[in-house]
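Student: Sharing a structure with you now.
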2 protein chains.
Amino acid sequence: MATLGAHKKHKVTIVGSGNWGSTIAKVVGENTAANPDLFEKEVQMWVYEEQVEGKKLTELINEKHENVKYLPGIELPHHVVANPSIEDAVKGSTILIFNLPHQFIKGLCKQIQGVILPFARGISCIKGVDVRESEIRLFSEVIGEQLGIYCGALSGANIANEVAQEKWCETTIAYDPPPVDSQAPTPARTPPNRSPAASQLDLTKLDQHKDVSGKPSKVKLTPLASEYAAIDHVTMKILFHRPYFHVRVVSDVAGVSLSGALKNIVALAAGWVDGLGWGDNAKAAIMRVGLLEMVEFGKRFFGKTIQTKTFTEESAGVADLITTCSGGRNHRCAKMSVVEGKSISEIEDRELNGQKLQGVSTAEEVYTFLRSQGLEQDFPLFTAVYKILKGEEKYENIPQLIEKDTVSTDADEK
Amino acid sequence: MATLGAHKKHKVTIVGSGNWGSTIAKVVGENTAANPDLFEKEVQMWVYEEQVEGKKLTELINEKHENVKYLPGIELPHHVVANPSIEDAVKGSTILIFNLPHQFIKGLCKQIQGVILPFARGISCIKGVDVRESEIRLFSEVIGEQLGIYCGALSGANIANEVAQEKWCETTIAYDPPPVDSQAPTPARTPPNRSPAASQLDLTKLDQHKDVSGKPSKVKLTPLASEYAAIDHVTMKILFHRPYFHVRVVSDVAGVSLSGALKNIVALAAGWVDGLGWGDNAKAAIMRVGLLEMVEFGKRFFGKTIQTKTFTEESAGVADLITTCSGGRNHRCAKMSVVEGKSISEIEDRELNGQKLQGVSTAEEVYTFLRSQGLEQDFPLFTAVYKILKGEEKYENIPQLIEKDTVSTDADEK
């Protein structure tokens, strides 16, 4: 049985190095340096290799300690090491932070199956969910299933450049790993001034490294889960919390992930209402109605673990919704489309340099899913957004489209 | 016993005729006309008489059907009747809507004690609460106690001029009158397409009009409560809901009233952060933290009836907070004070034409109250706002001031 003595340090890898990935590498690198008892200082950052100014991007990053292409002007900790080999970057890491465009996830996970530690833990910083006609999956689920590990999520009101400039904000980490093996010592709650050595053990993957006698096998050369301190809520907070980046850790992975996707639908409606000049009252009303449809969507389709307060009280919920409906590009383009009398796709073409608005595709996916369930009428704002995008409804009609039955109030509870 | 047959129509009086009072008179007047079975069409509006353009304001309103002084450019329903006599305006009314500056409430209530119907019901549109050193009272409570009637509250993301122009928005009515007399017929829930005649009776005040035999007295000349349809959630929704003014009726009067007061403290902090150029992330974080302190304040001091969702899900809560932190004057003046490097009171003097910011006085009152309870440290944002106003702290330190213990997350629940 593992002892409660000194533990191996956790090794951290960032999978992805775009604007947000590089920002998270900065945050995490600062914390591995500040917590040497708990983490190896060096942070590996997998970089999709490309040529920049006639040089390899990884070499530029490692020379200049700056991602000159995706996060220019921000100095990265010198112990954040850019690595073009994903297999090499993840090797021996106990904590894998996924921060890359969602279309690359599945291919990348295939590459590292069997390479990662079997008891590694993941955090997905990828906003949104994978919606198919009649199936919805969180990206954390996709990663977890493909790699056979547990994966949580990080999301919040976090415009990457503002975080990189150390402008204060908050974020939410959702993390709810399976319970500790019942044969393990009773886990004591870690005290506020915990030392890593005193924290509870994570033995969930221990079986894979035991021999038939139940004792840890001596022939295994890979590390054992029991050699490490548990990766729990406290560990996650220490790894991500900075004076300028306040972290709250919750357990509702689905709520955090869904908020990040569904808010973009609401932002389109907020943009239209802004474009109509209806004022702050109306925009706040759209956000309120949208927030409740987000909650309802979560409860209907992820009911087991969803908590209303993830949406209404956390940074990943209400705060990210507020930010997205203030300065985000879904809101901005929708507003332009009303003011200029142009379609959303005309505005997308002009403003987004070939990219597409996430709110548009999410609205379509969510509507398709809702229709497959026959539940469009229970989500009148989401449905209205889809129909307006398709030209089947007018944005001026949003109030009527979302108006509830005249006498349906919480009076029904009385 | 009263029959379930035809009822007397409810008579409605608006007590107050400022910008918001006149707007509510318009809303309510439209609904009394649209629901002739339930309401008398004529709506009395008490007006504090003053001379405008050499004429009496009441005469101007009744001639022009416009409150030329406080809501110019908006046509009022012709059956909204301005009345300079408060006693005359409230006589025989079953529904009294209070919409006037809070400093006049107590004096006014004295004037109409004994004049109003004893079973009348009130709705207070007065935002905020009456905070003393170690006592907090809702204005609806002040009204209710002084007049011996039940009084609810209306609050929401409602900038008066926008509502008057019929720009769509939402509001929250909080209404939780005492239960119907247990001797009364079992109240059936009113169906969606209710007719007033079929709705439940409100017999709570009936005793006052019964003779010793228990039968309604024939010598009484004042109307009996039993002659009217109940004033319930449905009645309130019909009286206030318009296509451009969507109403939700809830039961949490304290939550609705507190939101309207406490949001102004949060708006000051949001304004400072905006003034510092910290971006949308930071502002959203302030609003999120503020929202949770609002909830906490409610739960601590009005615990019996407070519901978290009033703050996090209703127009009076999160939506009004968003509006107030976007375009409200507390936010605007606080932002100016940072950008220009001036004190709040300098900005007040210059911008507000002799008026004061409500957030400043509420922050002081709330801090004084919290200190009297020894609970400042449980409300770090409210406390920070007070200390910054007093020059005891700097707004740049808000993140540290509100930062929670590094390992205090909802991990504690796990």
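Each residue, glycine too, has its Cβ placed from N, Cα and C.
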Student: If I go by TrEMBL, which of B:Phe104, B:Phe119, B:Phe240 binds NAD(+) at the same site as B:Gly16, B:Ser17, B:Gly18, B:Asn19, B:Trp20, B:Gly21, B:Ala160, B:Arg329, B:Lys356, B:Gln358?
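Tutor: Answer per TrEMBL: B:Phe104.
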Student: Give me the largest Cα to Cα distance among B:Gly16, B:Ser17, B:Gly18, B:Asn19, B:Trp20, B:Gly21, B:Phe104, B:Ala160, B:Arg329, B:Lys356, B:Gln358, the residues the record lists as binding NAD(+), in Å as a whole number.
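Tutor: Binding-site diameter by Cα atoms for NAD(+): 23 Å.
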Student: Say we define neighbours as other CB atoms within 10 Å of the CB. Which of the recorded positions B:Lys127, B:Lys263, B:Arg329 has the fewest?
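Tutor: Each of the recorded positions B:Lys127, B:Lys263, B:Arg329 was scored; lowest Cβ tally within 10 Å is B:Arg329.
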Student: Just name the most isolated of the binding-site residues B:Trp20, B:Phe104, going by other Cβ atoms within 10 Å of its Cβ.
Tutor: B:Phe104
Student: Report the member of B:Gly16, B:Gly18 (the binding-site residues) whose C-beta atom has the most other C-beta atoms within 10 angstroms.
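Tutor: Per the Cβ count within 10 Å, the most buried is B:Gly16.
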Student: From the Cα of B:Lys127 (substrate binding site) across to the Cα of B:Phe104 (NAD(+) binding site), what is the distance in angstrom?
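Tutor: Distance (Cα to Cα, whole Å): 14 Å.
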Student: Between B:Arg329 (NAD(+) binding site) and B:Lys263 (active site, proton acceptor), how far is it from one CA atom to the other, in Å?
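Tutor: If we compare the Cα positions of B:Arg329 (NAD(+) binding site) and B:Lys263 (active site, proton acceptor), the gap is 12 Å.
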Student: Tell me the Cα distance separating B:Lys263 (active site, proton acceptor) from B:Lys127 (substrate binding site), rounded to the nearest angstrom.
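Tutor: Distance (Cα to Cα, whole Å): 10 Å.
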Student: Measuring Cα to Cα, how many angstrom lie between B:Gly18 (NAD(+) binding site) and B:Asn330 (substrate binding site)?
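Tutor: B:Gly18 (NAD(+) binding site) to B:Asn330 (substrate binding site), Cα-Cα distance: 20 Å.
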